[in-house]
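Visitor: As listed in TrEMBL for this protein:
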DOMAIN    21-77  domain 'HTH cro/C1-type'
REGION    372-391  region 'Disordered'
COMPBIAS  374-386  compositional bias 'Basic and acidic residues'
REPEAT    598-639  repeat 'WD'
REPEAT    813-854  repeat 'WD'
REPEAT    855-896  repeat 'WD'
REPEAT    896-937  repeat 'WD'
REPEAT    938-979  repeat 'WD'
REPEAT    1021-1062  repeat 'WD'
REPEAT    1063-1104  repeat 'WD'
REPEAT    1105-1136  repeat 'WD'
Amino acid sequence: MGRRENPLDPTAGPVERFAYELRELRGTAGRPTYRTMAGRVAYAAATLSEAASGDRLPSLPVALAYARACGGDEAEWERRWRAAAAACTLSPRQEDGESPYLGLTRFEPADRDKFFGREQLVADLVGLVRDRRFAVLVGASGSGKSSLLRAGLIPVLRRAEPAADRPATVRILTPGAQPCRTHAAALTPAGRAGDTYVIVDQFEEAFTLCQDREERDRFLDALLSAVEPDSRVRVVVSLRSDFYGRLAEHVDLADAVRETTLLVGPMRREELRAAIVKPAATQGLIIQRSLTARVIADVDGEPGCLPLMSHALRETWRRRRGRTLTLTDYEGTGGVHGAIAHTAELLYTRLSASQAALARQLLLRLINPGESAQDTRRPAPRRELDMGDPADTGHVLDRLARARLITVDEGTVELAHEALVTAWPRLRSWIDQDRQRLRTHRRLTEAAASWQELDRDPGALYRGSRLAAAEDAFPPERHEQLTALERAFLTTSRETRHHERRVATRTTRRLRALTGTLSLLLVFSLVATVVAIHQQRNASAAERMARSRQLAAQSSALIASDPDLAALLAVEAYRTSPTTEATSSLYTAAALPLRHRLAGHGEPVHDLAFSRDGGTLVTTGEDGTLRRWDTATGEPLGTARVRAQGEAPYSVLSPDGVTFAATGPDEAVHLGDVVTGEASTPLAAPGGGAWPLAFTPDGTALAALVSGEAAVRLFDAATGEPLDTPGLPVTWGVVELFGPNGGTLAGASADGVRIWDTTSGRVRTTLDVPTDQLSGIPGALSFSPDGRALAVAGTPATIGIHDAESGRLLRTLDNPRGEVAELAFSPDGATLAAAGSDGEIRLWDVATGRTLTTLTGHTDAVRTVAFSPDGALLATAGDDGTARLWNVPVGRVTAMPGIGHAISTAAFSPDAATLATAGDDGLLRLWDVATGRPRTALVGYSGFVTSAAFSSDGTTVVTLSKGGVTRLWDTRTGRLRESVPLDVLPNTAALSPDGSVIAMAREERKVVQIFDRETYWVRLTLDHPTAVRVLAFSPDGATLATAGDDGVTRLWDAGTGRPRALLPDQGDRVQALAFSPDGATLATAGDDGTIRLWDVSTGRTRTALTGHTGTVRSLVFNRESTALTAVEGNGTLRRWRFTLPGAAEAGRAICGSVRRDLTAEERSLYLPDAPTNPVCPRD
C-alpha cells in the first residue's frame, strides 16, 4: 500500500489549489496507484506523485500526463494549469536592486566581483596563456567557458603586476559566418607596448556558421600566423568539447593545440558552494543551508549545468522575502532543471495567439540545426527578424530579452545560452518537429542573401531540386515565416521557372502547328531551306570554333610573357565558342595570381605601402600624385597631388601609408598627409638640402641624407625637427628600412654593407659579403621581420641572406637574371620577394632557398614590392606606370630534407601519409610525409625502379624494374609479397583499386596492357600514339587515365578498352596523374610545373595551380577532394587548397583582375574582323 499523502489546503495558494484538484481527479478515477498511472503514461510514479504534492507547480506536460492517466479532459486541465501559472506570477516578488546572479547571461569583465568558484582554473589559464601564444579552452556547453574568459582571465591580465606585463589591448570576438573577412584586422598587434590578447569565444562558430571551407582555413591560418614566436599577439579560444575533433581538419591547428589545451570540467562541491553563497554575500544576502545543499546535489558532476544553476538562483532571488533565499523559493522556480522551462513557458503562455506564433518563428531562426552534432544557437541580424507586424515583433523580442532568454547586441539577436535549447521542452519539440524545414530554411536564407549581394542575378536563383525542396518546406500558407527578401527570392525563382516553361511550351506548340499546316510542297521547300540553314549554321559554328581555338592557342602562347593580354584573349575565346581549348585557357588564366591591375599614374611608380589593416594600398610616382586603392576591389579611393616646392617631387611613404616625405629639384624636404597631399611640414635639415630615404617602422621618424654634411640624420616625422642622434657619416648608395625596432639602419656602398646603431652612430655589424657578389653598390636590402637576418641583393645573379648580428652569410639565393631594385620579407619571414629590372617578381622560400614562383605581367622594370600585413597579398609597381596586387601563391611548401636526391619517379599512398621515391640510383625508398624521415626499408630489395604505385588501401606498393620484373611489397613490414618476371619492358604501372588488375605501359611498342594480377594474362591492349609516362585508375576502377610525351591525357573504359575522353595538349610531357576520391576530378601535372584540374564528365579544365618551379612527379587528393599534395623532382612538397569556379565566375574574376580592355592595336592584331564589343564590359 502506498504512502499516505499530506493534506492540502486549497485556499493556501494557486499551487496548493491545483494539486488539490489533481487529487480530486484521481479520487473520481477510483484512486489508481501511482505505479498503475505510470504504466498508462510515459512518466515515473515519483514524478506523478510529486505533481500532486503541492510543493510546486508541475510542468504542463506532467500535469497533462496526470490528467490523461486519470481519464481527465486534457484541454480542460491545460486551461486550469495556465490559470494556476498566471496566478503564481501575481505572488509578491522583490526585484529591487541588482541580482547577484546573472541567469543565462554570461559574465563580463565588469562582473568579476560576482564571479566565484573558478579561482584555480583561472590561475591555470593565466599560466597557460602567458606561457603559450595560442591556448584553447575546451568544455561542454554550459560549463562556463565564456564567463571564465571574460570575468576570470581578462581582469587578471589587466591588473597584472608589474604594469609592463599588462596587455596592450584585449580584443574579444566570435567567428561568425565570415571570420577572416570580419576579423582579420583584429589579429594585428596594437601600437602600444605589450602583447595584444585576442579572445576568440564560441570558436565552434568557425565550423557551424562558416560554411566556406576556404574562408575558414584563411581564418585559422591567420590565427596561427598571428602567434608566431616573434609576434606580439596572443590568442585564446574557447571551444565546445563536442567540436574538439573538428580541429584535426586543419593540420597546423591540430599541431598547435596538442600541448596548449585546458579542459573545463564540472565544478567541485566546494567550488559550487562558493559560486552559490559568495555572490549573495556581496549584497548582504543569506543563503539557507538546505538550499545550498539542494542546489549542489542537483548540479554535482554535471558540466553543463552552470547556466541552469545561475538562472534558477536568479529566479530564487526574485522570489525571496527579506534577505534570505530559501529552499521553498528555489523549488517554486522549478529548480535547476525546471527553472528555465518555467520562465520560458510562463512568458509564452502570456502572449497572444499571434504573438506566440511569432515567438516560435523568431526563436527557430536563432537555431542552427545540427547534422551529426548538437543543435547550436545562430546569431541573426535584427533586420532578418522583421516579419509580420513590426510592433508585434518588437514586443516579442523585448519580452524575450527582459526574461533573459535572448540577447540583443549591436544589431544582432541570439539565444542567451544554448542551454535554452535542451532545457525548454517546448522549444526542443519545435526543433524536432521542424528539423528538416529548419535546414532548408537556413540554406534558403543564405541563398537569398547571396542573390541580393549579386544584385539579384537570375543565375543565383533556385532551380530544380533546390527550388522543389524550398517549395515543399514553405508552401504559400507558410510564407509569413519568411522575410521579405526570402519571399522575393522564392517568388522570383518560381516565376523564372514558370517563364522558362512557358517559353519552352510556346516554342513546342508553334513548331507543332507549323508542321501540321504545311503542305507537301512546302515540306519539300522547307526541307531544302532547313538544310541550307543547317549548313549555314554549321559553317558559322565551325568558323566560331576555329576562331575560338586560335584565340585559345594565342592565349596559351602569351600566358608567360604577357598574362594580361593572354587572360583577355582567353575570355574572348570562350565567349566566341566554349571549345575545350577555350575552356582550358579560360581556367588557366583565371588561376593566375594577379588580383588587380592598378593603372592611373601613367608615369613610373617608385613607392607603395599598405595601411595597417591591409584594406588600402597607397602608391606614389613621378607624376607627383598619391593614389589610394581598395585592395579588395581594386577601385581607386582617392587621388591627391603632392603640393611641395619644385616640380615632379620625389616622395617616400611611411610603412602604414599615412605620411609621405617629398622633395623636389631644390632638395627641400616636406612632410605631409597622404589623403590631402598637403606637404606643410618642412624638414629642418642643416643647410636646407636633403633627400628622404626611409621612415622608421612606426612612422615617427624619417631618415634623410643631408647634402651639406654627406651624412644621414634622423628627423621627427611630426615636426620635421632633427632628433638628438648623431649623423651617420657615410654617403650610402642605398638605405633600407630600419630594423624592426627602429634602433638600427642598414646601408650599402661599393665597399660593403653595414648595420648602424641609430642611437650611438656606431657600426654594429659589417656584413660578410663575398667580393664576387659586389659588382658595384648592392641594389637592395631588407631586414627580416624579427630583425635577425638581412637580405642583400648583390650581383644580378645572387641574393645573400646574412645574420644581422654577426654579419655571417647564411644562405645564397639564385637569381637567374635581372637586377634587383627592392626586396621584401613576408610578415612571417618565411618568404622573400624581389622586384626585378626585367619586369618579373620572384619569390623564394627563405628556409630552403628554393624558388617558389615567378610573377610576370609588368611590361617594364619593377621598382618596389611589399607584402600586406597578413601576408596574403603582394603589391608591386614600377616603370610601366602601374601597380599590381597579387594573391600570394597558396601552395604550402614543405621541404623533405631527408630525401637528398633527385627524384625520377614517385608515388603517394592514398592517404598522403607515405611517399615512395626512386632516384637516379634506382633504389626505392618510403618516407613519412609529416616528418620527412624514412618510414620503412624494403627487405631484400635490388634493381633499378622505373615506376611505383600504391594499392587503394595503402598496404601494398607495386614496383617495376628495368629488367621487366614486377614486385609487390608490404608497406607495413617492408617485405616482398610477390615477384613476377615479365617478358616485356614496362615503363610505368598502376594497380586497380580492388587489386585485381595491373595496367602497364610498354615503351618499345607504345601500348598500354591491362594484366590480371593473379594469372598475369593480358586482358586488354590499348594502342597509344606516343610513349606513356604515367597511368592512373579512377576510384571505381572503371576508367584508366594515360598520359605521355605528347602532353595529351586520354581516358579509357578499363573494361572494354574504348576511349572515353581526350584532354587537350598541355604543352609539356605529363608526369603525374591523380583522380579525386569522388572520381569527379582528374589532376594532371608535368614538366611545366602547372597542375591542371579537369572535369572527368566533360573533359574540360576547371582550374590550374601555378607555382611549382620544377617537374611534378606525383599527386594525391585529400579525402574530401578539396586539397591536393604534389611533390617535385627536388623533393619539395606543396599542399594546395582549391575551388572549382564556373566559367562565368572565371570570366568575371579575370576582368576584375586585369581591369582593362584590349587596346586598339591588340584588337587589330588578334581580332581584326570581330565586332568591337568590349571583352570586359564595364558595369
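Every residue gets a Cβ built from N, Cα and C, even glycine.
Please situate the listed features within the shown structure.
Guide: For the region 'Disordered' (372-391), the residues of the chain that approach it from at least six positions outside its boundaries are 141, 174, 176, 204, 208-209, 242-243, 354, 358, 361-362, 365-366, 397, 408, 411-415, 417-418, 421, 431, 442, 445, 480-484, judged by C-beta separation under 8 angstroms.
Same-chain residues lying 6+ beyond the ends of the repeat 'WD' (598-639) with a Cβ under 8 Å from its Cβ atoms: 184-185, 188, 647-658, 660, 674-675, 677, 860, 863-864, 866-870, 872-873, 875, 877-885, 1152-1153, 1155-1156.
Per-residue confidence over the repeat 'WD' (813-854) averages 84 (mean pLDDT, predicted model).
Look at the repeat 'WD' (855-896): DSSP puts its residues at 0 helix, 22 strand, 20 coil.
Taken through DSSP, the repeat 'WD' (1021-1062) splits into 0 helix, 24 strand, 18 coil.
Sequence-distant neighbours of the repeat 'WD' (1063-1104) (same chain, 6+ residues past either end, Cβ-Cβ under 8 Å): 556, 580-581, 583-584, 586-588, 590-591, 908, 1029-1036, 1039, 1041, 1043-1051, 1110-1121, 1124, 1126, 1128, 1136, 1138-1141, 1146.
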Visitor: How does the domain 'HTH cro/C1-type' (21-77) divide up by DSSP, counting helix, then strand, then coil residues?
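Guide: Helix/strand/coil tally for the domain 'HTH cro/C1-type' (21-77): 36 helix, 0 strand, 21 coil.
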Visitor: Tell me the residue counts in helix, strand and coil for the repeat 'WD' (1063-1104), as DSSP assigns them.
Guide: 0 helix, 23 strand, 19 coil
Visitor: For the repeat 'WD' (598-639), DSSP counts of helix, strand and coil?
Guide: 0 helix, 24 strand, 18 coil
Visitor: Let's see if you can do this one: DSSP helix, strand and coil counts over the repeat 'WD' (813-854), in that order.
Guide: 0 helix, 23 strand, 19 coil
Visitor: For the repeat 'WD' (855-896), could you work out the same-chain residues 6 or more beyond its ends whose Cβ comes under 8 Å from its Cβ atoms?
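Guide: Result: 184, 187-188, 218, 222, 225, 560-564, 593-599, 601-610, 612-614, 617, 619, 621, 629, 631, 634, 821-828, 831, 833-843, 845, 847-848, 915, 927, 929, 932, 1105-1108, 1126-1127, 1131-1137.
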Visitor: Could you pull out which residues elsewhere in the chain have a CB under 8 Å from any CB of the repeat 'WD' (1021-1062), counting only those six or more residues past its ends?
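Guide: Contacts with the repeat 'WD' (1021-1062): 949, 952, 987-994, 996-997, 999-1001, 1003, 1006-1010, 1068-1079, 1082, 1084, 1086, 1094, 1096, 1099.
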